[in-house]
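Annotated features in Swiss-Prot:
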BINDING   CYS52, HIS54, HIS280  divalent metal cation 1 binding site
BINDING   ASP83, ASN128, HIS226, HIS278  divalent metal cation 2 binding site
COMPBIAS  477-498  compositional bias 'Basic and acidic residues'
REGION    168-198  region 'Lariat recognition loop'
REGION    473-511  region 'Disordered'
Amino acid sequence: MSTEETVDEVPCCGSHDEAQCTIQHDLAPQPLIVEEEVNNGEKKAKIAVVGCSHGEMDAIYETMALIEEKKGYKFDLLICCGDYQAVRNHGDLPHMSIPPKYRSLQTFYKYYSGEKKAPVLTLFIGGNHEASGFLCELPNGGWVAPNIFYMGFANCIQFAGLRIAGLSGIYSHGDVEFSHYERPAFAERDVKSAYHVRNVDMFRLRQLKAANNDKLSNPIDIMLSHDWPGGIPDFGDSAWLFKKKDLFEADHKSGKLGNPALMKLIYDCRPRYYLAAHLHIKFAALVPHKGSGSERPQPTRFLSLDKPIPGRQFMQALEINVASDAKMELSYDPEWLAILKNTDLLTTADKTKIVLPDRIGSVPCVYDRKDFRPTAEEMEEITKLGDLTIKTDTFKHTAPPLKEDTSEAKNVPPSAYYRNPQSAEFCQWLGIKDLNYLLVEKSSDYVGIPFYMMPDSGETEFKSNQDEVDFGEDDFIIDRGHGSEEPEAKKSRLEEEKKKKKKKIENLKTL
């Protein structure tokens, strides 16, 4: 396939009339964005990429509209590389690791409530400034609003046949070995550890690498992380970078700049594109890969983008060839589904360090394999699941949507933790542990009734018998309509329910 390497640069001042652009840009060498010539049987997927979103969805979509008007086409997908800030209402703000005086509702709540709808399919990963209580309802990802999809702690999905892998959060040495155990109500430290990446997620992503005898392919088309891969400045103009950000050089030399495990992920999975954010500067790099003889896989084109404010380079346009019959929609990646099934034994809601199969060392071996890449037989099992298209109609409000941002709306307690129907449906369909359920079962404290189940929500027919609802009888603190129950009978019933819940939690801890 012949290619022409070009730069598709997005003006960063918000004005797309060059005559009006008064900002002088001091730029790093630009990334080589591959604009492939369209051959027979191919078309282009037009993708917009932004760095940190910071809840500025109105501004981001408005900028995209200006670009579309200038270029004369419509974007098929928007990718956001973290700090998305999916804040549903003021109750989500205490779940963000941001000093209270800097917390702001921003504009996502309008898309959650239905006041607005995202004009383009939007895909995002989490960063270190997120509404963590909401996102931990969706460990494996899901819709946070119509047309806006969160990738979960780690994921690989497909868009128009392109394989997109993502890792949410940032690196912290003290938390990387732990399980995902955090949920509201967050302890003071847990509101930070909730967004720290875990070894178990990176281990799962490494299973996406090609077969051992495959030295030439690029198994992943696009890989996303909020953090930079540790060592990435060495593959770009580091002198320019350290001149612009003088504190970066010392961190880079000491190994503290970025996630030290992500470069291995690049070498294992050889993504064609690697997109990141977090450090609020646009920076490009090119990572070559070893091949076989004179042949090599395509290099990984790394690009990190800035935050969405005037004068900063926060958006980039990509055009990537896809099959002519490719549908511009999301679908589950069959290999990733098999990896989730293979590694299901690593899922727990207990606060514990997870010993990975490839890092067993001297501890007794509890795994019967170290390589969890799916076998042909395991992939065959996935085909039995049928259509892998991600349904677009499964979103439901768990926290109450904010219809109007009034002073009264600000006076609310922190959001509860909710059982999310998307997590329940996905895990039941795939046959894996439901971390959202396990986190709910850890404690009945701060577990709320999802808004869509409320009788006055207008989103569902209220059922007085909650056993008929998908989640069963033990998931929520609810009034089951026992009417004018005698005090002694009520006391006896509550004691029995308390015993049942305690026993159920103890049973889960043994899994």
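These residue numbers are counts, starting from 1, taken along the chain as shown.
The backbone N, Cα and C atoms fix where each Cβ goes, glycine too.
Neighbour count (other Cβ atoms within 10 Å of the Cβ, all protein chains): 32 for HIS226 (divalent metal cation 2 binding site). With DSSP states grouped into helix (H, G, I), strand (E, B) and coil, the region 'Lariat recognition loop' (168-198) comes out at 4 helix, 3 strand, 24 coil. Cα separation, ASN128 (divalent metal cation 2 binding site) to HIS280 (divalent metal cation 1 binding site), rounded: 13 Å. For the region 'Lariat recognition loop' (168-198), the model's average pLDDT works out to 97. Counting only the Cα atoms, the space from ASP83 (divalent metal cation 2 binding site) to CYS52 (divalent metal cation 1 binding site) is about 5 angstrom. Shown in sequence order, CYS52, CYS81, GLY82, GLY126, GLY127, HIS129, GLY169, ILE170, TYR195, ASP227, ALA277 are the same-chain residues outside ASP83, ASN128, HIS226, HIS278 whose Cβ sits within 8 Å of the Cβ centre of the divalent metal cation 2 site. There are 16 other Cβ atoms within 10 Å of the Cβ belonging to HIS280 (divalent metal cation 1 binding site).
Ranked by CA distance from HIS226 (divalent metal cation 2 binding site), the binding-site residues CYS52, HIS54, HIS280 have CYS52 at the top as the closest.
Annotated pair HIS54 (divalent metal cation 1 binding site) and HIS278 (divalent metal cation 2 binding site), C-alpha to C-alpha distance, rounded: 11 Å.
Across the structure, CYS52 (divalent metal cation 1 binding site) and HIS278 (divalent metal cation 2 binding site) place their CA atoms 6 angstrom apart. A sphere of 10 angstroms centred on the C-beta of ASN128 (divalent metal cation 2 binding site) encloses 23 other C-beta atoms.
Annotation for HIS278 (divalent metal cation 2 binding site): spatial neighbours GLY51, CYS52, CYS81, GLY82, ASP83, GLY127, ASN128, ILE170, HIS226, ASP227, TRP228, SER304, criterion Cβ-Cβ under 8 Å with sequence separation of six or more.
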